[in-house]
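K.L.:
Among the features that TrEMBL reports, signal peptide is placed at 1-22. For Cys32-Cys49, the entry in TrEMBL reads disulfide bond. For 63-214, the entry in TrEMBL reads domain 'Cupin type-1'. Sequence annotations record features per position, and here TrEMBL assigns oxalate binding site to Asn109, His114, Glu119. Under the heading Mn(2+) binding site, TrEMBL lists His112, His114, Glu119, His160.
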Amino acid sequence: MKVANLLVAFALLALASSFVTAYDPSPLQDFCVGINDADAAVLVNGKLCKNPSFATIDDFTYSGFDVRGNTSNQLRAHVNLITADLMPGLNTLGVSLARIDFEPNGGLNPPHYHPRGSEVLLVLEGTLYAGFVTSNPDHRLFAKILKAGDFIAFPFGLVHFQMNVGKTPAVAIAALTSQNPGVNTIANAIFGASWPINPEVLTTAFHLDKNLVEDLQTQNWVNPS
C-alpha cells in the first residue's frame, strides 16, 4: 500500500507540474528585474536578473500611455503592449498592459488570441463591439457593445476581437495575466504565414476558391501595433 500511495503522489505531482508550466513562473523574492547583461546579473527562477541592489524605480515604471497610437494602417487601430521586454520590472510578476487606439467607424483589433494569458479590457473612450468565441465543438459567440467605463474579460486562449462602432475615436486599456502573453492574429497566421500554407489546405478548410486563397496570400498582413 505504501508503494501504491507513493506512486499516486508522484502522479499527482507530475500532473500539478504540467499545470504550473502553462503559466508564468512565480517569483521567489520581491522582484527580478530582467537584464541582458550576464556579467551584471544573478540567476533567479531560471532567468537572468539585475542585482536587486542596483534596481531603481525606473525598472518599474513606464511613460507614454497617454500618447495616442498611430492608427494609419489598414486596420485603423494601434496596440501598444507593454511586456517585460519594455518594462523589465514586470519580469516574473505575471502581468502586462496594453493601450489600444481605434479610429472611428470601424477601427479594428482583429480576431486573435493570447497563447499565454487571459485578458480584461476597459473602455476609456468611445464605443466598442467586443467579444470572444468558445472552443470546439460549440463555437459560441459572447459579444456586446461596450461604452466608456465598461470592461470585458477574454478567457485564456480564446479568439477575441474589438471594433469601434462609434463615430468618435475609441481608447481601451487591457491587462493580461502574463509578462509576455503573446499574440497570434488569426488572418495573419493563416494567410500571411511564411512560408505560405499550401492553398489546397486553406481552400478545403475555409470553403474558399483557390484563386481567392492565393490572392489573399499575396496581400500584406499587418498587425495593429
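Using N, Cα and C of the backbone, Cβ positions are placed for all residues, glycine too.
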K.L.:
Give the distance between the Cα atoms of Asn109 (oxalate binding site) and His160 (Mn(2+) binding site), rounded to the nearest whole Å.
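P.N.:
If we compare the Cα positions of Asn109 (oxalate binding site) and His160 (Mn(2+) binding site), the gap is 9 Å.
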K.L.:
Which has the fewest other CB atoms in a 10 Å radius around its CB: Cys32, Cys49, the listed disulfide-bonded residues?
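P.N.:
So among Cys32, Cys49, the disulfide-bonded residues given, the one with the fewest Cβ atoms within 10 Å is Cys49.
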K.L.:
Should any of the recorded positions Cys32, Cys49, His160 have a Cα within 10 Å of the Cα of His114 (oxalate binding site), which are they?
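P.N.:
Near His114 (oxalate binding site) by Cα: His160.
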K.L.:
Of the recorded positions Cys32, Cys49, Glu119, which sits closest to His112 (Mn(2+) binding site) by Cα distance?
P.N.:
Glu119
K.L.:
I need the most crowded of these binding-site residues: His112, His114. Count other C-beta atoms within 10 angstroms of each C-beta and give me the top one.
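P.N.:
By the 10 Å Cβ neighbour count, His114 comes out on top.
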K.L.:
Would you list the other residues of this chain near Mn(2+) - those whose C-beta lies within 8 angstroms of the C-beta centroid of His112, His114, Glu119, His160 - in sequence order?
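P.N.:
Surrounding the site, in chain order, are Tyr113, Phe132, Phe154, Leu158, Val159, Leu176, Pro181, Val183.
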K.L.:
Can you tell me the mean pLDDT for the domain 'Cupin type-1' (63-214)?
P.N.:
95
K.L.:
Including all protein chains shown, what's the count of other C-beta atoms within 10 A of the C-beta of Asn109 (oxalate binding site)?
P.N.:
28
K.L.:
Which one is it, among the recorded positions Cys32, Cys49, His160, that lies nearest to Glu119 (oxalate binding site) by Cα separation?
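P.N.:
Minimum Cα distance from Glu119 (oxalate binding site) across Cys32, Cys49, His160 lands on His160.
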K.L.:
Round to the nearest Å and give the CA-to-CA distance linking Cys49 (disulfide bond) with His160 (Mn(2+) binding site).
P.N.:
34
K.L.:
Just to verify a number: CA distance, His160 (Mn(2+) binding site) to Cys32 (disulfide bond), in angstrom, no decimals.
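P.N.:
The Cα atom of His160 (Mn(2+) binding site) is 31 Å away from the Cα atom of Cys32 (disulfide bond).
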K.L.:
For oxalate, what surrounds Asn109, His114, Glu119 with a Cβ no more than 8 Å from their Cβ centroid?
P.N.:
Ala98, His112, Tyr113, Leu121, Phe154, His160, Ala174, Leu176, Pro181, Val183
